[in-house]
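For reference, the structure discussed in these notes is given below.
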Amino acid sequence: MVNVVLGAQWGDEGKGKLVDLLVGKYDLVARCAGGNNAGHTIVVDGVKYDFHMLPSGLVNPKSLNLLGNGVVIHVPSFFKELEDLETKGLNDARERLFISSRAHLVFDFHQRTDKLRELELSGASTDGKNIGTTGKGIGPTYATKASRSGIRVHHLVNDNPESWTVFENMYRRLLETRKKRYGDFEYDAEGELARFKKYKEDLKPFVVDSVVFMHKAIEAKKKILVEGANALMLDIDFGTYPFVTSSNTGIAGVISGLGIPPKVIDECYGVVKAYTTRVGEGPFPTEQLNEDGEKLQEIGAEYGVTTGRKRRCGWLDLVIMKYSTLINGYTSLNITKLDVLDTFKEIPIGIGYYYKGQKLDLFPEDLIKLGKVEVEYKVLPGWQQDITKVTKYDDLPENAKKYIKFIEDFVGVPVEWVGTGPSRDNMVHKEIQRI
């Protein structure tokens, strides 16, 4: 059994909370894409764990955890995050954590050039704005991967006598291309090489052939949960390009990032915030640059876990949700942070885009067009009462249930979970009919 949790908007939907709720049922939790540019927090028994690169399954003592071939690994951050978790009591994390030998390595010079690329890419955008990178070196690493000059984990940990020489030569060639690309590029290559000589032995116990690892688990009928990073609207192919991340963050990234066939995936859970947020630049049709937007930001505490940047806020956009569902094929939805809407008298929902008076059939790929659309809204009545103490779906206010029903009917996917507050216990389960 393979189930997948994916973000349905622009990230920060609260995927970690659903994973936290589900993880106790799974034998293996895997990440398939991204690096330490993601970020979410899980609270267990009053202890707060911050995850960026590592799978959330580490909080479950019975789960194995895998960073798949589609993940990019910044080794210093890997060990720092692992050590932070260990200091908070996850003492057996090292025994339950594995890394794909095919995963690519993020070097410090990737992070150094990330900001330089940000300045260049701003010139390629439609309005001269920055892309909004986290500066973690993720994009440059995927770029070297695509250009076939990247360095994989197995290049570092290989036991062949000449393996270090091969790794060092690859590293110097890769660094030289950075210097040629960016001119006067001062960098302590010898210092980083010395650190990686130590990492060679430190990393080795974690490394596995992830294709063999995954398929053995599937053949053994293990319960597997795939934890998606970012979200569909940040996908390199299907997101608001170029204001996206550098990997496939939808269902395609699960398949390519773990080396598994589509037929083994049983359920795909889409996580969607009850309103919409976005970090960084790029078009945002339902954004509210007014008191409503400020209220959503304040009540929702909308600041990024990884960057600390304030998130832009707006109403729920069901045009995006339909598009996201079309690509990812969600079998059920988790609506998060519904409680943030508790005090609103009326709640608009974006249900259509108009461009030059014509209604668009689908979310457009043209950002110039997207930046000029007029949004059609359906205004629903609010419930204006506190839902944070609700523990059963039937006990939600009628208008809250009507809000959820409207989403289900419009998108064509049942809602299975509803987030009703910030605590890990603030999640209401709704029975659905599975086909």
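A Cβ is built for glycine as well, from the same backbone N, Cα and C atoms used for every other residue.
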Given that Swiss-Prot annotates Asp12, Glu13, Gly14, Lys15, Asn37, Ala38, Gly39, His40, Arg148, Asn230, Thr245, Arg309 as IMP-binding, name the residue from Thr134, Thr325 that shares the site.
Thr134
State the Cα to Cα distance, in Å, between Asn37 (IMP binding site) and Lys17 (GTP binding site), rounded to an integer.
18
Here are the binding-site residues: Gly11, Gly39, Gly308. Which has the lowest count of other Cβ atoms within 10 Å?
Gly308
Who sits close to Lys310 (substrate binding site): which same-chain residues at least 6 apart have their Cβ under 8 Å from its Cβ?
Gln297, Glu302, Tyr303
Of Asp12, His40, Thr134, which is closest to Leu338 (GTP binding site) if I measure between C-alpha atoms? They're all recorded positions.
Asp12
For Leu338 (GTP binding site), the three-state class that DSSP assigns:
helix
